[in-house]
Each structure stands twice: as C-alpha cells, then as structure tokens.
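Undergrad: Mind looking over this structure? Questions follow.
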C-alpha cells in the first residue's frame, strides 16, 4: 500500500485578511512540529504576498513542518488582454506551489466547463504548479444515482486533453456539491465509496497513479467529523472551506490529519 502523506488545504474563498494569516502562523509555530501532513493555504490572490512573507519569516520556527501556499484559480491563458485574470506563471513567481482547479463555485457561478477546467489543469502544470482538481456531483445527480457517472466524465476530459501521466503531479479533491457550504457533510462511508471509485478509475489507466495520487475530501469538514472521514483508507485529507477561516478549527484539522 502506498504511503500517501495527508494534506489539509485551506480555501479561504473571498474571505480573510492579513491578520488571519498572521494568527495562523503564530499557531503553526507551536502546533506544527513535524511533516506527517502537508498544510496548504489558499488565500485570495491579493494576500498571496502576505502569506509568502510569513512563510519566509517563519522558516526557522516551522522547520520540520510542511506549510505551502496555493491559489484559488488561474487563467488558462499564458498572458494577454484578460482583465482581472492571473496566469500560472504569475502564481509560480509569487511563490505558489498549488492551485485549485474546477471548484464547484467556479463551475457553477462563472460558467467554467469541463473543457476550460482541463485547459486550466494544463496551464498549471506548464508552470510547475500542482493542480488540486475538484470533482463532484450535485444533489439531484446523487439522488439519480449518477455520482460515479458525473465524476468519471470530469476525470476523463482531463485525461483526454492532458494524458494519464498528468495525474502523476496532481491532487484530486472530491467535493459533493450538496455538501459545499451547506453544513451537511457526506458520511465517512459515502466519502470512502467515491474516493475508492476515483482511485479505481485512475488505476484502470495507470495502477501507479491510482495507488499514489492523493484524494482529498471537501464539503463541510469540521473538527467533529474530520477524524472519521480522514480515517477512511482512500481519503488523504481535506480541502477545507469555512473551517479554514477559524485558526483554532483549522489547526485542529491539521492535527487530526497528522494522526490519521
């Protein structure tokens, strides 16, 4: 069985400020003492520099811990007249290692199709960023027993456009749309069932990737349910929304992941 290091990625969405980042790093210094889990902060782009400076300033106190920086989105284009967009090259230059791709809110609110998501996936890897690819089904799709079908389609378009080996440097986040921001989480058994399907699907085209890729769960994860979810054999941590804005809750989730 592969030894996959758990990851806890905090997606602040359009929330937070420099003070939140400073508060988190103060707690990181005393609570994160080893590298048994990887922690990723994904603040709004305007705060990336603040987080980068804090990473640099706390390098010694965080010695031994794995704290990285990620972005919430990027353009599929390299450069040009795309007002308000940020390229993969810019994110890499800012110090990002990761970038969230295809979050359900981007797909739903901003019309990002699976084709666009696949292009953004490629753009991230072109500049040495590791994409955190979000996949997941809506409530009606789950009720219609189409969960696996929807997720297979979202994975297959990325494979079709980028090749199977693109997942050798990628993270997948399963985020059931009916659980995102609703306070209603999937049960540990539901999460495991879908994560196992994702791993099996990728194993069909590459057993190595299927075994080694990290798959996060995202959808109303809290300190009260994280231990049971993270304990599932195919769950490798979480993509955290609301709880990432509370430094105590987020640190609790990191600690839980370290012992999962």
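Every residue gets a Cβ built from N, Cα and C, even glycine.
Predicted, not measured: the structure shown is a model, and the values here were computed from it.
When I checked Swiss-Prot for this same protein, it listed these features:
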- 11, 12, 13, 181, 220, 241, 242: substrate binding site (BINDING)
- 103: active site, electrophile (ACT_SITE)
- 175: active site, proton acceptor (ACT_SITE)
Undergrad: Please list, in sequence order, every residue of the chain apart from 11, 12, 13, 181, 220, 241, 242 whose Cβ lies within 8 Å of the Cβ centroid of the substrate site.
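TA: What remains near the Cβ centre is 15, 180, 240, 243, 244, 245.
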Undergrad: Give the sequence-ordered list of residues that share a chain with residue 103 (active site, electrophile), lie 6 or more positions from it, and have CB atoms under 8 Å from its CB.
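TA: Looking at Cβ-Cβ distances below 8 Å from residue 103 (active site, electrophile), excluding near sequence neighbours, one finds 11, 72, 73, 134, 175.
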Undergrad: Going by a 10 angstroms cut-off between Cβ atoms, which of the binding-site residues 181, 241, 242 has the sparsest surroundings?
TA: 181
Undergrad: Can you name the residues of this chain that are 6 or more positions from residue 13 (substrate binding site) yet have a C-beta less than 8 Å from its C-beta?
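TA: Looking at Cβ-Cβ distances below 8 Å from residue 13 (substrate binding site), excluding near sequence neighbours, one finds 44, 72, 105, 241.
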Undergrad: Counting other Cβ atoms within 10 Å, pick out the least crowded of the binding-site residues 11, 220.
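TA: Lowest Cβ count within 10 Å among the binding-site residues (11, 220) is 220.
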Undergrad: Restricting to the chain of residue 12 (substrate binding site) and a gap of 6 or more, list residues whose Cβ falls under 8 Å of its Cβ, or answer none.
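TA: Within the chain, residue 12 (substrate binding site) has Cβ neighbours under 8 Å at 20, 41, 42, 43, 44, 47, 72, 244, 245.
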Undergrad: Starting from the Cβ of the residue listed as 'active site, proton acceptor', draw a 10 Å sphere and report how many other Cβ atoms land inside it.
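TA: 26, counting other Cβ atoms within 10 Å of the residue listed as 'active site, proton acceptor'.
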